[in-house]
Amino acid sequence: MGGPAGSWRRLSDSEGEETASDPQPPLLDHQGAHWKNAVGFWLLGLCNNFSYVVMLSAAHDILSHEKVPGNQSHVDPGPTPTPLNGSSRFDCNSVSTAAVLLADILPTFGIKLLAPLGLHLLPYSPRVLVSGLCAAGSFILVAFSHSVGTSLCGVVLASISSGLGEVTFLSLTAFYPRAVISWWSSGTGGAGLLGALSYLGLTQAGLSPQHTLLSMLGIPVLLLASYFFLLTSPEPQDPGGEEEAEIAAQQPLIGTTASGSKPGSSSGLSLQERWTVFKVWMVAVFELLFFRNTSLSHAQQYRWYQMLYQAGVFASRSSLHCCRIRYTWALAVLQCLNLAILLADVWFSYLPSIYLVFLIILYEGLLGGAAYVNTFHNIALETSDEHREFAMAAACISDTLGISLSGLLALPLHDFLCHLS
(Lines of atoms letter the chains of each structure in order from A and count residues from 1; the text may use other names and numbers.)
(Lines give C-alpha, C1' and ligand atoms only; values in the text may rest on other atoms or scores of the structure.)
Protein backbone atom coordinates (compact mmCIF):
# COMPACT_ATOMS: atom_id res chain seq x y z
CA MET A 1 0.00 0.00 0.00
CA GLY A 2 2.93 2.27 -0.55
CA GLY A 3 3.19 5.07 -3.04
CA PRO A 4 2.23 8.75 -3.02
CA ALA A 5 -1.12 9.93 -1.77
CA GLY A 6 -2.08 11.29 -5.14
CA SER A 7 -2.31 7.79 -6.60
CA TRP A 8 -5.16 6.56 -4.42
CA ARG A 9 -7.05 9.83 -4.70
CA ARG A 10 -6.85 9.79 -8.48
CA LEU A 11 -8.14 6.23 -8.43
CA SER A 12 -11.00 7.22 -6.15
CA ASP A 13 -11.86 10.12 -8.43
CA SER A 14 -12.20 7.94 -11.55
CA GLU A 15 -14.70 5.13 -11.33
CA GLY A 16 -14.18 1.76 -12.88
CA GLU A 17 -10.40 1.48 -12.52
CA GLU A 18 -9.10 -1.66 -10.89
CA THR A 19 -6.22 -1.81 -8.50
CA ALA A 20 -3.88 -4.71 -8.01
CA SER A 21 -3.40 -5.87 -4.47
CA ASP A 22 0.06 -5.08 -3.18
CA PRO A 23 2.06 -7.56 -1.13
CA GLN A 24 2.35 -6.99 2.60
CA PRO A 25 4.97 -4.22 3.07
CA PRO A 26 8.04 -5.00 5.16
CA LEU A 27 8.49 -3.45 8.60
CA LEU A 28 10.87 -0.74 7.39
CA ASP A 29 8.39 0.35 4.72
CA HIS A 30 5.65 0.47 7.34
CA GLN A 31 7.76 2.66 9.60
CA GLY A 32 8.65 4.91 6.68
CA ALA A 33 4.96 5.27 5.81
CA HIS A 34 4.20 6.11 9.45
CA TRP A 35 6.67 8.99 9.50
CA LYS A 36 5.61 10.23 6.06
CA ASN A 37 2.01 10.40 7.23
CA ALA A 38 2.99 11.99 10.55
CA VAL A 39 5.04 14.71 8.84
CA GLY A 40 2.40 15.05 6.13
CA PHE A 41 -0.44 15.74 8.54
CA TRP A 42 1.76 18.09 10.59
CA LEU A 43 2.51 20.12 7.46
CA LEU A 44 -1.14 20.05 6.39
CA GLY A 45 -2.17 21.44 9.79
CA LEU A 46 0.56 24.08 9.57
CA CYS A 47 -0.28 25.23 6.05
CA ASN A 48 -4.05 25.03 6.43
CA ASN A 49 -4.24 27.43 9.39
CA PHE A 50 -1.35 29.69 8.40
CA SER A 51 -3.30 32.26 6.36
CA TYR A 52 -6.06 32.37 8.99
CA VAL A 53 -3.55 33.22 11.73
CA VAL A 54 -1.67 35.77 9.63
CA MET A 55 -4.89 37.66 8.91
CA LEU A 56 -5.61 37.89 12.64
CA SER A 57 -2.07 39.11 13.30
CA ALA A 58 -2.48 41.73 10.56
CA ALA A 59 -5.92 42.82 11.80
CA HIS A 60 -4.72 46.03 13.44
CA ASP A 61 -2.73 46.98 10.32
CA ILE A 62 -5.68 46.21 8.04
CA LEU A 63 -8.03 48.49 9.98
CA SER A 64 -5.74 51.27 11.19
CA HIS A 65 -4.77 52.75 7.85
CA GLU A 66 -5.09 52.38 4.10
CA LYS A 67 -1.96 51.72 2.09
CA VAL A 68 -0.65 54.56 -0.01
CA PRO A 69 0.97 53.65 -3.38
CA GLY A 70 4.67 54.40 -3.50
CA ASN A 71 5.06 54.28 0.26
CA GLN A 72 4.98 50.55 0.98
CA SER A 73 8.61 49.66 1.50
CA HIS A 74 8.58 50.17 5.26
CA VAL A 75 6.15 49.84 8.10
CA ASP A 76 5.11 53.00 9.82
CA PRO A 77 6.33 52.82 13.42
CA GLY A 78 2.79 53.17 14.67
CA PRO A 79 -0.16 53.99 12.41
CA THR A 80 -2.49 56.49 13.94
CA PRO A 81 -5.94 55.02 14.42
CA THR A 82 -9.10 57.00 13.94
CA PRO A 83 -10.70 57.26 17.36
CA LEU A 84 -14.40 56.73 17.86
CA ASN A 85 -14.50 59.40 20.50
CA GLY A 86 -11.86 62.00 21.08
CA SER A 87 -12.54 61.91 24.80
CA SER A 88 -12.11 58.14 25.07
CA ARG A 89 -9.29 56.89 27.30
CA PHE A 90 -8.69 54.01 24.88
CA ASP A 91 -6.63 54.05 21.70
CA CYS A 92 -9.39 52.76 19.41
CA ASN A 93 -9.75 52.07 15.71
CA SER A 94 -13.03 53.22 14.20
CA VAL A 95 -13.75 49.55 13.45
CA SER A 96 -13.04 46.77 15.92
CA THR A 97 -10.54 44.09 15.01
CA ALA A 98 -13.46 41.76 15.66
CA ALA A 99 -14.57 42.72 12.12
CA VAL A 100 -11.47 40.97 10.80
CA LEU A 101 -12.18 38.01 13.07
CA LEU A 102 -15.71 37.71 11.69
CA ALA A 103 -14.48 37.93 8.10
CA ASP A 104 -11.91 35.28 9.04
CA ILE A 105 -14.40 32.89 10.69
CA LEU A 106 -17.96 33.28 9.31
CA PRO A 107 -17.17 31.76 5.88
CA THR A 108 -15.46 28.89 7.72
CA PHE A 109 -18.55 28.42 9.87
CA GLY A 110 -20.77 28.35 6.78
CA ILE A 111 -18.59 25.72 5.11
CA LYS A 112 -18.54 23.51 8.20
CA LEU A 113 -22.28 23.87 8.70
CA LEU A 114 -23.17 22.97 5.10
CA ALA A 115 -20.43 20.39 4.53
CA PRO A 116 -22.47 17.36 5.64
CA LEU A 117 -25.18 18.27 3.12
CA GLY A 118 -23.21 18.30 -0.11
CA LEU A 119 -19.45 18.29 0.27
CA HIS A 120 -19.39 14.54 -0.34
CA LEU A 121 -20.14 15.27 -4.01
CA LEU A 122 -16.64 16.69 -4.36
CA PRO A 123 -13.68 14.27 -3.96
CA TYR A 124 -10.75 15.13 -1.73
CA SER A 125 -8.29 16.27 -4.41
CA PRO A 126 -10.36 19.15 -5.86
CA ARG A 127 -11.17 20.34 -2.36
CA VAL A 128 -7.50 20.53 -1.42
CA LEU A 129 -6.71 22.34 -4.67
CA VAL A 130 -9.42 24.94 -4.04
CA SER A 131 -8.17 25.41 -0.48
CA GLY A 132 -4.61 26.08 -1.68
CA LEU A 133 -5.73 28.53 -4.36
CA CYS A 134 -7.90 30.48 -1.91
CA ALA A 135 -5.00 30.76 0.55
CA ALA A 136 -2.71 32.15 -2.16
CA GLY A 137 -5.43 34.52 -3.32
CA SER A 138 -5.93 35.86 0.20
CA PHE A 139 -2.27 36.85 0.56
CA ILE A 140 -2.23 38.55 -2.86
CA LEU A 141 -5.53 40.40 -2.42
CA VAL A 142 -4.71 41.79 1.04
CA ALA A 143 -1.14 42.67 -0.01
CA PHE A 144 -2.25 44.81 -2.96
CA SER A 145 -5.39 46.22 -1.35
CA HIS A 146 -5.81 49.96 -0.88
CA SER A 147 -9.02 49.83 1.15
CA VAL A 148 -10.35 48.08 4.21
CA GLY A 149 -13.21 46.55 2.22
CA THR A 150 -10.90 44.91 -0.30
CA SER A 151 -8.66 43.65 2.48
CA LEU A 152 -11.64 42.06 4.21
CA CYS A 153 -12.47 40.25 0.95
CA GLY A 154 -8.97 38.80 1.09
CA VAL A 155 -9.57 37.74 4.68
CA VAL A 156 -12.73 35.96 3.51
CA LEU A 157 -10.64 33.97 1.02
CA ALA A 158 -8.33 32.91 3.86
CA SER A 159 -11.38 31.80 5.83
CA ILE A 160 -12.70 29.72 2.93
CA SER A 161 -9.30 28.08 2.58
CA SER A 162 -9.02 27.27 6.28
CA GLY A 163 -12.58 26.02 6.69
CA LEU A 164 -12.61 23.82 3.61
CA GLY A 165 -9.19 22.44 4.50
CA GLU A 166 -10.06 21.67 8.12
CA VAL A 167 -13.22 19.76 7.24
CA THR A 168 -11.36 17.87 4.51
CA PHE A 169 -8.24 16.92 6.46
CA LEU A 170 -10.02 16.03 9.71
CA SER A 171 -12.31 13.75 7.72
CA LEU A 172 -9.25 12.27 6.05
CA THR A 173 -7.78 11.27 9.43
CA ALA A 174 -10.50 8.59 9.65
CA PHE A 175 -8.54 6.54 7.07
CA TYR A 176 -5.25 6.70 8.97
CA PRO A 177 -4.07 5.59 12.43
CA ARG A 178 -5.41 7.68 15.30
CA ALA A 179 -1.93 9.07 15.97
CA VAL A 180 -2.21 11.41 12.97
CA ILE A 181 -4.79 13.48 14.90
CA SER A 182 -2.13 14.62 17.35
CA TRP A 183 0.23 15.45 14.46
CA TRP A 184 -2.51 17.45 12.71
CA SER A 185 -3.31 19.31 15.95
CA SER A 186 0.35 20.06 16.54
CA GLY A 187 0.64 21.39 13.01
CA THR A 188 -2.31 23.73 13.48
CA GLY A 189 -0.67 24.97 16.67
CA GLY A 190 2.57 25.44 14.77
CA ALA A 191 0.66 27.52 12.23
CA GLY A 192 -0.43 29.83 15.01
CA LEU A 193 3.07 30.25 16.38
CA LEU A 194 4.94 30.47 13.07
CA GLY A 195 2.27 32.61 11.42
CA ALA A 196 2.10 35.17 14.21
CA LEU A 197 5.85 35.08 14.82
CA SER A 198 6.76 35.49 11.15
CA TYR A 199 4.40 38.45 10.74
CA LEU A 200 5.68 40.04 13.93
CA GLY A 201 9.34 39.40 13.09
CA LEU A 202 9.24 40.58 9.49
CA THR A 203 7.32 43.76 10.26
CA GLN A 204 9.52 44.50 13.28
CA ALA A 205 12.54 44.11 10.99
CA GLY A 206 11.15 46.87 8.76
CA LEU A 207 9.42 44.89 6.02
CA SER A 208 6.08 46.36 4.93
CA PRO A 209 2.86 44.43 5.55
CA GLN A 210 2.52 44.09 1.76
CA HIS A 211 5.91 42.46 1.27
CA THR A 212 5.45 40.37 4.41
CA LEU A 213 2.26 38.86 3.01
CA LEU A 214 3.76 38.24 -0.41
CA SER A 215 6.69 36.42 1.18
CA MET A 216 4.23 33.85 2.52
CA LEU A 217 2.99 32.62 -0.86
CA GLY A 218 5.13 29.50 -0.53
CA ILE A 219 2.81 28.18 2.19
CA PRO A 220 -0.08 27.20 -0.16
CA VAL A 221 2.45 25.48 -2.43
CA LEU A 222 3.74 23.47 0.53
CA LEU A 223 0.17 22.45 1.41
CA LEU A 224 -0.46 21.02 -2.06
CA ALA A 225 2.91 19.27 -2.12
CA SER A 226 2.30 17.68 1.29
CA TYR A 227 -1.07 16.31 0.24
CA PHE A 228 -0.27 15.05 -3.24
CA PHE A 229 3.30 13.81 -2.74
CA LEU A 230 3.93 13.11 0.95
CA LEU A 231 0.94 11.22 2.34
CA THR A 232 0.82 7.48 1.64
CA SER A 233 -2.19 5.40 0.70
CA PRO A 234 -4.58 5.13 3.65
CA GLU A 235 -5.12 1.96 5.58
CA PRO A 236 -8.57 0.41 5.12
CA GLN A 237 -10.74 0.38 8.21
CA ASP A 238 -11.34 -3.40 8.07
CA PRO A 239 -9.90 -6.44 6.27
CA GLY A 240 -12.15 -5.81 3.26
CA GLY A 241 -9.23 -4.30 1.36
CA GLU A 242 -8.17 -0.96 -0.09
CA GLU A 243 -11.20 -0.77 -2.38
CA GLU A 244 -13.45 -0.01 0.59
CA ALA A 245 -11.16 2.82 1.67
CA GLU A 246 -11.29 4.22 -1.86
CA ILE A 247 -15.10 4.01 -1.92
CA ALA A 248 -15.26 5.69 1.48
CA ALA A 249 -12.99 8.45 0.22
CA GLN A 250 -15.63 9.29 -2.37
CA GLN A 251 -18.29 9.56 0.35
CA PRO A 252 -16.99 11.79 3.12
CA LEU A 253 -19.29 13.43 5.62
CA ILE A 254 -22.28 11.20 4.80
CA GLY A 255 -24.33 10.76 7.91
CA THR A 256 -26.04 7.50 6.97
CA THR A 257 -26.25 4.77 9.55
CA ALA A 258 -23.45 2.27 9.59
CA SER A 259 -23.51 -1.25 10.85
CA GLY A 260 -20.89 -2.99 12.89
CA SER A 261 -20.24 -0.35 15.51
CA LYS A 262 -17.73 -1.22 18.16
CA PRO A 263 -19.24 -2.46 21.39
CA GLY A 264 -19.41 0.33 23.89
CA SER A 265 -18.66 3.01 21.32
CA SER A 266 -20.86 6.03 20.77
CA SER A 267 -22.06 7.04 17.32
CA GLY A 268 -22.98 10.51 18.41
CA LEU A 269 -21.24 13.34 20.21
CA SER A 270 -22.29 14.49 23.65
CA LEU A 271 -23.22 18.10 24.24
CA GLN A 272 -20.13 18.39 26.40
CA GLU A 273 -17.85 17.39 23.51
CA ARG A 274 -19.63 19.71 21.11
CA TRP A 275 -19.23 22.75 23.33
CA THR A 276 -16.01 22.31 25.25
CA VAL A 277 -14.05 23.57 22.27
CA PHE A 278 -15.86 26.92 22.68
CA LYS A 279 -13.13 29.56 22.65
CA VAL A 280 -13.49 32.87 24.42
CA TRP A 281 -11.62 34.73 21.69
CA MET A 282 -10.74 38.04 23.28
CA VAL A 283 -10.19 40.10 20.14
CA ALA A 284 -11.79 43.29 21.42
CA VAL A 285 -9.98 42.90 24.73
CA PHE A 286 -6.62 42.35 23.03
CA GLU A 287 -7.08 45.53 21.02
CA LEU A 288 -8.00 47.61 24.07
CA LEU A 289 -5.18 46.30 26.29
CA PHE A 290 -2.93 49.22 25.43
CA PHE A 291 -0.04 50.21 27.72
CA ARG A 292 1.29 53.71 27.12
CA ASN A 293 4.32 53.39 29.42
CA THR A 294 6.21 51.04 27.08
CA SER A 295 8.39 51.38 23.99
CA LEU A 296 5.99 49.23 21.94
CA SER A 297 3.41 50.98 19.77
CA HIS A 298 -0.23 49.93 19.88
CA ALA A 299 0.14 47.90 16.68
CA GLN A 300 3.27 46.20 18.00
CA GLN A 301 1.58 45.32 21.28
CA TYR A 302 -1.31 43.73 19.38
CA ARG A 303 1.11 41.61 17.31
CA TRP A 304 2.87 40.46 20.48
CA TYR A 305 -0.47 39.47 22.02
CA GLN A 306 -1.27 37.36 18.97
CA MET A 307 2.17 35.75 18.88
CA LEU A 308 2.13 34.81 22.58
CA TYR A 309 -1.38 33.39 22.35
CA GLN A 310 -0.39 31.25 19.38
CA ALA A 311 2.79 30.13 21.17
CA GLY A 312 0.63 28.78 23.99
CA VAL A 313 -1.69 27.08 21.50
CA PHE A 314 1.24 25.40 19.76
CA ALA A 315 2.72 24.10 23.02
CA SER A 316 -0.54 22.60 24.28
CA ARG A 317 -1.65 21.17 20.93
CA SER A 318 1.68 19.34 20.78
CA SER A 319 1.34 17.93 24.31
CA LEU A 320 -1.06 15.05 23.72
CA HIS A 321 1.65 12.41 24.18
CA CYS A 322 2.60 13.95 27.53
CA CYS A 323 -0.73 15.08 28.98
CA ARG A 324 -4.28 14.00 28.20
CA ILE A 325 -7.35 15.69 29.65
CA ARG A 326 -10.68 13.91 29.80
CA TYR A 327 -12.83 16.63 31.39
CA THR A 328 -12.26 19.35 28.84
CA TRP A 329 -15.14 21.46 30.13
CA ALA A 330 -12.81 22.63 32.92
CA LEU A 331 -10.62 24.32 30.31
CA ALA A 332 -13.57 26.38 29.08
CA VAL A 333 -14.28 27.52 32.65
CA LEU A 334 -10.68 28.67 33.08
CA GLN A 335 -10.89 30.56 29.77
CA CYS A 336 -13.93 32.43 31.06
CA LEU A 337 -11.98 33.41 34.17
CA ASN A 338 -9.19 34.76 31.97
CA LEU A 339 -11.71 36.85 30.07
CA ALA A 340 -13.04 38.32 33.32
CA ILE A 341 -9.51 39.21 34.51
CA LEU A 342 -8.58 40.99 31.28
CA LEU A 343 -11.92 42.77 30.96
CA ALA A 344 -11.47 44.07 34.49
CA ASP A 345 -8.04 45.39 33.52
CA VAL A 346 -9.46 47.14 30.47
CA TRP A 347 -11.99 48.84 32.75
CA PHE A 348 -9.86 49.57 35.84
CA SER A 349 -6.27 49.39 34.48
CA TYR A 350 -5.06 47.63 37.61
CA LEU A 351 -2.31 45.47 36.08
CA PRO A 352 0.98 47.37 36.56
CA SER A 353 2.94 45.90 33.66
CA ILE A 354 2.35 44.67 30.13
CA TYR A 355 4.46 41.61 30.98
CA LEU A 356 1.74 40.35 33.31
CA VAL A 357 -0.69 40.58 30.41
CA PHE A 358 1.82 38.68 28.27
CA LEU A 359 1.79 35.82 30.80
CA ILE A 360 -2.01 35.73 30.99
CA ILE A 361 -2.34 35.65 27.20
CA LEU A 362 0.25 32.86 26.96
CA TYR A 363 -1.75 30.91 29.56
CA GLU A 364 -4.93 31.54 27.59
CA GLY A 365 -3.27 30.01 24.53
CA LEU A 366 -2.31 26.93 26.54
CA LEU A 367 -5.93 26.46 27.58
CA GLY A 368 -7.30 26.93 24.08
CA GLY A 369 -4.86 24.54 22.46
CA ALA A 370 -5.42 21.87 25.11
CA ALA A 371 -9.20 22.07 24.62
CA TYR A 372 -8.82 21.57 20.87
CA VAL A 373 -6.48 18.58 20.81
CA ASN A 374 -8.07 16.74 23.74
CA THR A 375 -11.59 17.14 22.41
CA PHE A 376 -10.73 15.61 19.05
CA HIS A 377 -8.66 12.90 20.74
CA ASN A 378 -11.61 11.97 22.95
CA ILE A 379 -13.87 11.81 19.91
CA ALA A 380 -11.42 9.50 18.14
CA LEU A 381 -11.39 7.17 21.15
CA GLU A 382 -15.14 7.09 21.74
CA THR A 383 -16.53 6.77 18.22
CA SER A 384 -16.52 3.71 16.01
CA ASP A 385 -14.46 3.49 12.82
CA GLU A 386 -17.62 3.79 10.73
CA HIS A 387 -18.71 7.01 12.42
CA ARG A 388 -15.38 8.69 13.07
CA GLU A 389 -15.10 10.57 9.76
CA PHE A 390 -18.50 12.20 10.18
CA ALA A 391 -17.90 12.87 13.88
CA MET A 392 -14.63 14.70 13.20
CA ALA A 393 -16.24 16.95 10.59
CA ALA A 394 -19.29 17.65 12.75
CA ALA A 395 -17.22 18.52 15.82
CA CYS A 396 -15.46 21.27 13.85
CA ILE A 397 -18.70 23.21 13.89
CA SER A 398 -18.73 23.80 17.65
CA ASP A 399 -15.24 25.32 17.59
CA THR A 400 -16.13 27.74 14.81
CA LEU A 401 -19.50 28.59 16.33
CA GLY A 402 -17.82 29.66 19.56
CA ILE A 403 -15.38 31.93 17.74
CA SER A 404 -18.20 33.42 15.64
CA LEU A 405 -20.31 34.21 18.70
CA SER A 406 -17.36 35.80 20.49
CA GLY A 407 -16.64 37.94 17.42
CA LEU A 408 -20.25 39.13 17.27
CA LEU A 409 -20.18 40.00 20.97
CA ALA A 410 -16.84 41.78 20.60
CA LEU A 411 -18.22 44.36 18.14
CA PRO A 412 -20.70 46.05 20.53
CA LEU A 413 -18.27 45.57 23.42
CA HIS A 414 -15.57 47.44 21.46
CA ASP A 415 -17.92 50.31 20.66
CA PHE A 416 -19.18 50.54 24.24
CA LEU A 417 -15.71 50.65 25.77
CA CYS A 418 -14.37 53.07 23.19
CA HIS A 419 -17.15 55.54 23.94
CA LEU A 420 -16.25 55.66 27.62
CA SER A 421 -14.64 58.91 28.69
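Using the three backbone atoms N, Cα and C, a Cβ is placed for every residue, glycine included.
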Of 1-29, 59-87, 233-261, the range TrEMBL labels region 'Disordered': 1-29
Looking at 152-175, 296-319, which one is transmembrane segment according to TrEMBL? 152-175
TrEMBL lists transmembrane segment for one of the ranges 38-55, 128-145; which is that range? 128-145
Check the transmembrane segment (128-145) against the transmembrane segment (181-200) for contact, please; criterion is three or more CB pairs under 8 Å, pairs 6 or more apart in sequence. no
Same chain, outside the transmembrane segment (181-200) by at least 6, Cβ under 8 Å from its Cβ: which residues? 37-39, 41-54, 56-58, 169-170, 173, 212, 216, 303-304, 306-307, 309-311, 313-318, 320-321, 365, 369, 372-373, 376-377, 380
